[in-house]
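Visitor: Checked Swiss-Prot, it gives:
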MOD_RES   THR7  phosphothreonine
COMPBIAS  9-18  compositional bias 'Polar residues'
MOD_RES   ARG11  omega-N-methylarginine
MOD_RES   SER12  phosphoserine
MOD_RES   THR41  phosphothreonine
MOD_RES   SER80  phosphoserine
REGION    103-113  region 'Linker 1'
MOD_RES   THR108  phosphothreonine
MOD_RES   THR148  phosphothreonine
REGION    229-250  region 'Coil 2A'
REGION    255-375  region 'Coil 2B'
MOD_RES   SER267  phosphoserine
MOD_RES   SER321  phosphoserine
REGION    376-430  region 'Tail'
MOD_RES   THR381  phosphothreonine
MOD_RES   ARG404  citrulline
MOD_RES   ARG414  citrulline
Amino acid sequence: MERRRITSARRSYASSETMVRGHGPTRHLGTIPRLSLSRMTPPLPARVDFSLAGALNAGFKETRASERAEMMELNDRFASYIEKVRFLEQQNKALAAELNQLRAKEPTKLADVYQAELRELRLRLDQLTTNSARLEVERDNLTQDLGTLRQKLQDETNLRLEAENNLAVYRQEADEATLARVDLERKVESLEEEIQFLRKIHEEEVRELQEQLAQQQVHVEMDVAKPDLTAALREIRTQYEAVATSNMQETEEWYRSKFADLTDVASRNAELLRQAKHEANDYRRQLQALTCDLESLRGTNESLERQMREQEERHARESASYQEALARLEEEGQSLKEEMARHLQEYQDLLNVKLALDIEIATYRKLLEGEENRITIPVQTFSNLQIRETSLDTKSVSEGHLKRNIVVKTVEMRDGEVIKESKQEHKDVM
């Protein structure tokens, strides 16, 4: 039964050894502690005393019973270790498959997703930059047109102010001409009144003289001829009338000339005033048209500025959303990297556990082989013992592979003394 258990344990170890393979960073595991079988079989002398055979047989039976119990316990532990190794191998395979899947698919897929989204984001950013540049060019053109229209409006305003100033001057000249005409009319009226007054005075003087002549009836008889007073008065009257007529004619001629001059000036001023009013109306219409154009351009400019602000705000929002998306993707990538690192760490830990279990299994196998060899050796040859020391050293050959060196050290002892020692090295690549 013990042999069957050992054979089944060997078979289980062989099957598990063929299944256990892994990849991961190397780690120096050191050497396995030296194993000694001196505690199980005490050294025997070279010559056997047959008188002590019974005692030796009794001691051997007790030793065999204790060794059998110890082997059963070790066998049970070995079976539990094998079950644990199988369970860990299954987990190792699942983790290795998941790791290979992550290595094969996730980075490439994630990189493709990143590249596609980055290309889309760059394309949209280029479009937004182009639209922004186009809107800036349109805004600059509209600003230039607005400056030109403002300059034209300023020129037209200056012309309107100049026309208003000329109109004010013309109005002042017309007022002055009106005042001059009124003054001349007043002077003509005063001259007519003066002529009437002088005529009345002259008539009164003539009447007084006639009355005086009628009252005085002086008859002077002289040798000379009598003077003709009526002729003298008539002559005086004629002279006064001639003077008055000439004065009136001169006054009328001067009044007519002045009135004609004032009429010409007034007509010219009226024509200039009419032209100024016409020009003012034209300027007013042009000013209204330019004001309407300016208002429309202001509305267009405000609309374009509003659209530009909306575009900038939308661009800022989209940029913020893209930045958030990039940050989120980077966080997801970082979390995936951390998860991958965690899986790798777990895989490394499981690999270390597996290597430790492999070492322990190898140790138990060596113990079992030594036990089988000791069982097959006759009693009289118990003085020759072989102790093997196994050490494992793992060195990194390349990434993803482990190189395991198994050193088997054989020591032959007789009477507690080392008489022969040999060492064998086996290389195993995992």
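From the backbone N, Cα and C atoms, a Cβ is placed for every residue, glycine too.
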Visitor: Which whole-number mean pLDDT does the model give the region 'Tail' (376-430)?
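Guide: Across the region 'Tail' (376-430), the average pLDDT comes out at 50.
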Visitor: Around the C-beta of SER267 (phosphoserine), how many further C-beta atoms are within 10 angstroms, looking at every protein chain?
Guide: 11
Visitor: How many other Cβ atoms are found within 10 Å of the Cβ atom of SER321 (phosphoserine), counting all protein chains shown?
Guide: 11
Visitor: Measure from the Cα of SER80 (phosphoserine) to the Cα of every one of the modified residues THR148, SER267, SER321, then give the nearest.
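Guide: When the Cα distances are compared, SER321 comes out closest.
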Visitor: Could you give the Cα-Cα distance between THR148 (phosphothreonine) and SER321 (phosphoserine), in whole Å?
Guide: 41
Visitor: By the DSSP assignment reduced to helix, strand and coil, which category contains SER321 (phosphoserine)?
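Guide: DSSP assigns SER321 (phosphoserine) to helix.
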Visitor: Using a Cβ cut-off of under 8 Å, list the residues of the same chain at least 6 residues beyond the region 'Coil 2A' (229-250) that approach it.
Guide: 195, 198-199, 202, 206, 209-210, 213
Visitor: Can you break down the region 'Coil 2B' (255-375) into helix, strand and coil residue counts using DSSP?
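Guide: Reading the DSSP string over the region 'Coil 2B' (255-375) gives 121 helix, 0 strand, 0 coil.
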Visitor: Distance check, please: Cα of SER321 (phosphoserine) against Cα of SER267 (phosphoserine), rounded to an integer number of angstrom.
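Guide: Cα-Cα, rounded: 78 Å.
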